[in-house]
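A.B. asks: Mind having a look at this structure? Questions to follow.
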Amino acid sequence: MGSTSRVRGTGVNRHLLSTEDLDRDDALLVLDTAERMARVAEASVRKLPTLRGRTVVNLFFEDSTRTRTSFEVAAKRLSADVINFSARGSSVSKGESLKDTAQTLEAMGADAVVCRHAASGAPHRLASWVRGSVVNAGDGTHEHPTQALLDAFTMRRRLGRIDGLAVTIVGDVLHSRVARSNVWLLATLGATVTVVAPPTLVPLGISSWPVEVSYNLDAVLPKSDVVMMLRVQRERMSAAFFPTEREYSRRYGLDADRAEMLPDHALVMHPGPMVRGMEIASRVADSARSTVVEQVANGVSVRMAVLYLLLGGSGEVS
């Protein structure tokens, strides 16, 4: 893995841009550190002084209350100063370029920049312009590495392992940065990944991914330890990718009857936000096998771990 993407180390350029850049040791280090951070969240005083005096900037060019808030809580629990920078109403909306914004962040002395952008590759460009660490919080349809890390963390907490698990990812794989990040991370950690989607929502280059492809959800569910449902991203679509929402739900939605096909131990996951009644039924989303609420809580622990490791937090976390 290149030094510019390393989660661990002592170099100046330490970024988390893609799960494809993480080796097994890197990924396990994040998950193990997140486990310790989760214990902090369960303590009476849920704060550590490890990043006191550091500045974390949340630079969001796309709306995402859930992810931005998760990073903000994570940074504040580590005692970092947090600046929330929204593109709406800012200099960016008046024509300021990403490079201009990077120079502004440099002048502010940002130690870490958490970047979400509609353009794939934007965080990578930003990482070449700033001296602080850059965390990719989602770039276009490319990647969302901390979502994949929190998903893996959730699987390991519930099932005790990731190695050897059969994970099925269902839905709009074509437009899903969550799917891409999960595929690379889970393969690195030893899981077998199958994607299930309409042919129109399967990426052209998927033959180079470490996955199996199926178009038959019913055939795959009985063999799945984890099924991850993806939201259909209408905002990223410019053409008709499936006939109707009803047809999509009938073939690729996880309703109560389909959930019965899963093994007793199997988990149902969703990165959120959910479209209830389309890709997942409310009864399934709210069932005991669903991890949707846990994923939100685990997201804070994982993002604490990432910031702690990237910024070389002071002191041990017990």
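Every residue gets a Cβ built from N, Cα and C, even glycine.
Below are the features listed in Swiss-Prot for this protein:
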type: BINDING; residues: R66, T67, R116, H144, Q147, G272, P273; note: carbamoyl phosphate binding site
type: BINDING; residues: K94, R177, R231; note: L-aspartate binding site
A.B. asks: Quick one: largest C-alpha distance among R66, T67, R116, H144, Q147, G272, P273, binding carbamoyl phosphate per the record, in angstrom?
C.D. replies: 16
A.B. asks: Taking DSSP as the reference, which of helix, strand or coil describes R177 (L-aspartate binding site)?
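C.D. replies: DSSP assigns R177 (L-aspartate binding site) to helix.
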A.B. asks: Which state, by DSSP, holds R231 (L-aspartate binding site): helix, strand or coil?
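C.D. replies: DSSP call for R231 (L-aspartate binding site): coil, neither helix nor strand.
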A.B. asks: Mind giving me a neighbour count for G272 (carbamoyl phosphate binding site)? Other Cβ atoms within 10 Å of its Cβ, every protein chain shown.
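C.D. replies: So the number of other Cβ atoms within 10 Å of G272 (carbamoyl phosphate binding site) is 16.
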A.B. asks: If one looks at the chain holding P273 (carbamoyl phosphate binding site), which residues at least 6 apart in sequence have a CB under 8 angstroms from its CB?
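C.D. replies: Residues satisfying the criterion: R66, R231.
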A.B. asks: Have a look at the binding-site residues T67, R116, H144, Q147, G272 and say which one has the shortest Cα distance to R177 (L-aspartate binding site).
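C.D. replies: Nearest candidate: H144.
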A.B. asks: Could you say whether, by DSSP, P273 (carbamoyl phosphate binding site) belongs to a helix, a strand or a coil region?
C.D. replies: coil
